[in-house]
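Chemist: Here it is, the structure, as structure tokens.
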């Protein structure tokens, strides 16, 4: 290591520092030889400073400067000088000064990087992930990770002020599947047995409530072995919290305050609270999904009753068989060509829709190839109900309710993006509440928890829990930002008998429940307080705040969509002796 000790960072010097002698350490970002004088941009995570090497300082010194290449690590010492008139760089915080070096040490050399270390570097994501140590040197990546750090810092400070305790929960734990597959870890000491990496700290935080720690939080790593998308990773970070002696409103109020604090302190924006709330049924009826983007209108409307007075067999047969006819008004899209509409038909086909009926709104009324099947009175009712005017395009899907919702939810977003209806600089928060407690899996012919099996039923619905499970409401709530679920939570079941009843409805009989969750059921018998909580996705939140599309851009060492690490080549094969010690043989 150099005897030169850093006195300033490369983003720190200003015009007031002129004539000071300083020592800078960092990476050579660029080199320019201007006929005698050699200029380099010296970079660290704080910024860039221009350094000048003058041949008047001696041949050896100047020869060493001439050997510098991009990404060499150097230490320089010299005097701060004001840049000559006309050479100021307004793009740099240090753009009014430069440092005339009189001492130079090369601390380490570098091979030529496979891509330029700059924000605008045109390079594939795969190459960036392969050489992540270089990618993370880019100022844009450093800004993103620093931004993430600030978000986490605000979370900790805010919750600390409210008497929350940061408690770590185990990473090696029992496999208690909560929906996705577990990552399993074999035990060498207990051959044939496995730990699981936690999908969430759910059960441990509930047990902490039983133990009397009435306000817990943790910024925690979680693991799920599931198919990956742009917004998912096999390991991810969430802000996890739990509280005792609270109801839904208490938790919602604290989270709204937390979000407001993050926006205020990290990006300098005010967020209006309280956030609007929609019931699950409202969200599904008007937007086709439980995480609606409310930055634009185009609500979905149901015309199943209106089309009863028509002769259009597709609609009539669908309604008769228990399906729905619902649609959206694409304002101003009446000029779409037949090819445009065919493209939209193919688009909704990806989500199971068998077709897309349409009407163009003209001066004389609705116009379409199917107009003849609808009496004038019915057409006018459709026009009025859809709030349609001349130049609009009405689009309808007729199918099973689930297919209709999925198709129109995606069509609504597709049209909004196509027609630039979304203000990308707006952050629109909402809560979705009053979820059903259960869903029914037609393929497996069984009930499933819509959130997780520890969510409390609404107390008013306990009498119908076994009789009408699909009508039971959950005390659950999801936080949605711009059509993306930021996180979800619920009031939990704190009575062991109610927990057993829910398990039974899910096909988990008492013996199986004790094998999987006996420690929780035992804990609930010893004075468990009413409690609830929530978890917010940190990766996802930071991605949205920075208006990015891929959470890998805000994670230091992410995995690919095949759950691999291109830098370390994980997962990898292991030595057969290791497997033997674990009692494992590969098939």
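Placed from the backbone N, Cα and C atoms, the Cβ positions cover glycine too.
Those TrEMBL annotations? Automatic predictions, nothing curated.
Quick paste from TrEMBL:
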| type | residues | note |
| --- | --- | --- |
| SITE | 34 | site 'Important for tRNA non-discrimination' |
| SITE | 86 | site 'Important for tRNA non-discrimination' |
| DOMAIN | 148-558 | domain 'Aminoacyl-transfer RNA synthetases class-II family profile' |
| BINDING | 178, 224, 451, 492 | L-aspartate binding site |
| REGION | 202-205 | region 'Aspartate' |
| BINDING | 224, 225, 226, 233, 485, 537, 538, 539, 540 | ATP binding site |
Chemist: State which of the following binding-site residues has the fewest other Cβ atoms within 10 Å around its Cβ: 492, 538.
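Modeler: Least crowded of the binding-site residues 492, 538, by Cβ count within 10 Å, is 492.
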Chemist: Judged by the number of other CB atoms within 10 angstroms, which among 226, 485 is the least packed of the binding-site residues?
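Modeler: Checked 226, 485; of these binding-site residues, fewest Cβ neighbours within 10 Å: 226.
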Chemist: Calculate the distance in Å between the alpha carbons (Cα) of residue 224 (L-aspartate binding site) and residue 538 (ATP binding site), and round it to a whole number.
Modeler: 15
Chemist: Quick check: in three-state DSSP terms, what is residue 224 (L-aspartate binding site)?
Modeler: coil
Chemist: Looking at the recorded positions 34, 224, 451, 540, which one has the fewest other Cβ atoms within 10 Å of its own Cβ?
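Modeler: Least crowded of the recorded positions 34, 224, 451, 540, by Cβ count within 10 Å, is 34.
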Chemist: Nearest to residue 226 (ATP binding site) by Cα distance: which of the recorded positions 34, 451, 492 is it?
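Modeler: Looking at Cα distances from residue 226 (ATP binding site), the smallest one goes to 451.
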Chemist: Rounded to a whole angstrom, what is the C-alpha distance between residue 538 (ATP binding site) and residue 86 (site 'Important for tRNA non-discrimination')?
Modeler: 45
Chemist: For residue 86 (site 'Important for tRNA non-discrimination'), just give me the three-state DSSP call.
Modeler: coil
Chemist: Can you tell me the three-state DSSP label for residue 492 (L-aspartate binding site)?
Modeler: strand
Chemist: Largest pairwise Cα distance, Å, within the listed ATP binders 224, 225, 226, 233, 485, 537, 538, 539, 540?
Modeler: 19
Chemist: According to DSSP, does residue 451 (L-aspartate binding site) fall in a helix, a strand, or coil?
Modeler: coil
Chemist: Around the C-beta of residue 86 (site 'Important for tRNA non-discrimination'), how many further C-beta atoms are within 10 angstroms, looking at every protein chain?
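Modeler: There are 5 such Cβ atoms around residue 86 (site 'Important for tRNA non-discrimination').
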Chemist: What does DSSP assign residue 540 (ATP binding site), in three states?
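Modeler: Where residue 540 (ATP binding site) sits, the three-state DSSP reduction gives helix.
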